[in-house]
């Protein structure tokens, strides 16, 4: 019977000699200094989570200093200006440098393991994103040491952050530094979306996908749509600070509320961007501890999707007191209360799973942190419903009640699950587990400390203590509550310190730790090494290890798919996004210096620009682009290797172009990001027109250029698109060449440049200046966004031509061309829409 | 297990799964955008639209959005054909259909809740 079952498996044993050794060689970790060249998800994921945790510790120290300052009234332990910098850096670091990167790091580290993929599909992109974050983040945080840190709060509201009220480079560090780190987060999101949809193991349909993969898919999709809004906002604020384009200056038709809209369109989903992956982790741990499948898997998927959507309809609840009409507030109040329903579904599913436990629910350190999370997050959710009600929000807005609420949501909803994760998944990264005995101390110190620190803040808020004050007078009755909060914060800090001590004692990176110590049912607990699992299993249920008792042995022995490295390099199976049918084998790049160097020079470009070292910054920018090109040059390797046998009679191609290709998918994701950024621009344009129609052309600004100008610009866009279409048709068979192809691509790019030039020249001729008013600023901002795409396509077009000339582009080996073509068509479509908006809208409304 | 493609187009499957939330998002955009703009026009003097027209607009968009989601809940399989959604197995197909329907119910609730406010509030009244 056993032998018959094994005969059904895709590959037979014994496997050929040397096969495992080749896998180990192909996936070997670089040694010594070359470790910085590694791109493997397990190694860079560990670095990612390690640095994110370092930021958590450093921002935590700032919190303790602030609590020390607030312990008593009229305290002068920290001065006002430094206190302002501290709460800004604390909030910014916790949100941008700890919370989002930490969950993204867990995605990079755990997702391939949960999907039994050898790696995520773009390992060098992950490495680039992580190094960019490490360098940019450390430089940003260090500004607090040199009195260079921003002091405008983590949300950087203008007009406080405009040049007049925040001179110096402090605010610029936030705008350029954080804007740059957001780009790194988007790079990670592209990786996760494509990874979750395309690198699942055969048989793992959407209905069998682990909840963490669902939550990471939704997390990454939310990043795609939320982050562009704040990227546009940071671009506009930096441009206003540097060049005086008045997007946010009311005297020139701008509006500081525009910043709030853009910021919170990102900022509120950001809360769920942080929470949903943490909820996904909880949904993975609870069934293991309860030794029973998750109750309401389907409902949790629904809750994740619904939360992801609804979270985009809540942003105005951060602006209830800004004078928006009552009916508008009611729309967002309703949505803010509605989002509690999917969150509640998840909480009840976890409770039901615990209640349905086959045996007694195991109380381990991860379980304790999960129970702590349930308690704290539920309280945070309830106060969230309170502040979703407009009259109550009016009373507690900008008070410590809000500080208490969001710490209950964020620390409860993210930090406690993260600590549970550290204890639970430690064998993925370390040879030793962490101490269960110390873990319980860590939990109780953190749980007690957190509640002692933050619960009294509800009361200090209700008593009227405002946020962001560096001290307070003694006669207001806030002293005792503040002292209790400070004591609680030190207890919380002691818990974290104990964790760090345990980490130093027990954490030893490497393989060889206990195998599936919790007897979990999901794929990351299969025997694995740097190459992930020896073979990629066929998945038939949601808890394969529970339902297929011999799965671990069969996978380890190589009886499932792709037990070897048939192309002699790194590879994994790409499956169809819904039914998870094998489609092709993706050949992935190995370790390289180029992503690391590209990240260093990208970071240098942004940071040097911040301190106005423009020439050196530009040199760094050029080097960053050069290293990106070096990194991508070998990726489009073509179909020369031919199909390979992965077992079970399945032979798969090793190259794929067109809509099935993973790089096509990545480009589509990137186009969604670009589209989201552009829609944020359209919103901004219409918003400012609504607020200040008097500065719009032709009454408040020079008349628009005559229609021949936009018509010429549009014709150039259409001509360029036609040339790209022609180049596609003319791509030759392998080994043949046609000079018309590079000429067509060159002319198409020239058309784009010409179109931008015509558009700019038309406005310049009218005498419109970007500094004159918000209308001028928006018109030239449209050109700036168009120029950004043109710049990208000039490089991309040149790169495509270079590949053609080098004989690396033809009708079959065409992924590079396909991506360039997609981006070109997108740019042309966006720019045509932009021409209609800029030249049509003012004419229409007049 | 055989190599191959999904039973239907991916974009259609994603759109089908997300009909409810997409209509909810469109509803929010279509009630909040025009309502806040028209109220702003009253303040800037750009245009003076009667407030009751704004209320009618909000109510109308709400009814249309609810009808759209209601249709998908009532005829899920017909909508599946419209979006060319299909799945390899009955289990996966019923999973996606049930996710779509419950998301639709949640969205219907969100649309009704937001839209109902127009029955209670003056569309351009300020709270301060």
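The backbone N, Cα and C atoms fix where each Cβ goes, glycine too.
Listed features, source TrEMBL:
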DOMAIN    A:27-552  domain 'Cytochrome oxidase subunit I profile'
REGION    A:1-20  region 'Disordered'
TRANSMEM  A:122-146  transmembrane segment
TRANSMEM  A:173-199  transmembrane segment
TRANSMEM  A:257-282  transmembrane segment
TRANSMEM  A:329-356  transmembrane segment
TRANSMEM  A:368-392  transmembrane segment
TRANSMEM  A:438-460  transmembrane segment
TRANSMEM  A:480-501  transmembrane segment
TRANSMEM  A:615-633  transmembrane segment
TRANSMEM  A:664-687  transmembrane segment
TRANSMEM  A:739-758  transmembrane segment
TRANSMEM  A:778-802  transmembrane segment
TRANSMEM  A:823-841  transmembrane segment
Does the transmembrane segment (A:480-501) come near the transmembrane segment (A:615-633), with 3+ Cβ pairs under 8 Å (pairs 6 or more apart)? no
At an 8 Å Cβ cut-off, counting only pairs 6 or more apart in sequence, do the transmembrane segment (A:778-802) and the transmembrane segment (A:664-687) clear the bar of 3 or more pairs? yes
At a C-beta cut-off of under 8 Å, are there same-chain residues at least 6 beyond the transmembrane segment (A:173-199) that contact it? List them, or none. 88, 92, 96-97, 100-101, 104, 107-108, 111-112, 115, 117, 120-122, 125-126, 128-130, 132-133, 136-137, 139-140, 143, 148-150, 152, 156, 209, 213-214, 216-217, 219-221, 223-224, 227-228, 230-231, 234-235, 237-238, 241, 572-575, 577, 586, 602-603, 606-607, 609-610, 662, 665-666, 669-670, 673
Between the transmembrane segment (A:664-687) and the stretches A:329-356, A:438-460, A:823-841, work out which stretch tops the count of Cβ pairs under 8 Å. A:823-841
For the transmembrane segment (A:823-841), sequence-distant contacts whose Cβ falls under 8 Å of one of its Cβ atoms, 6 or more beyond its ends: 667, 670-671, 674-675, 678, 682, 685, 689, 704-705, 707, 709-710, 713-714, 717-718, 720-721, 724, 748, 752, 755, 759, 779, 782, 785-786, 789-790, 792-793, 796-797
Mean pLDDT across the domain 'Cytochrome oxidase subunit I profile' (A:27-552), rounded to an integer, is what? 94
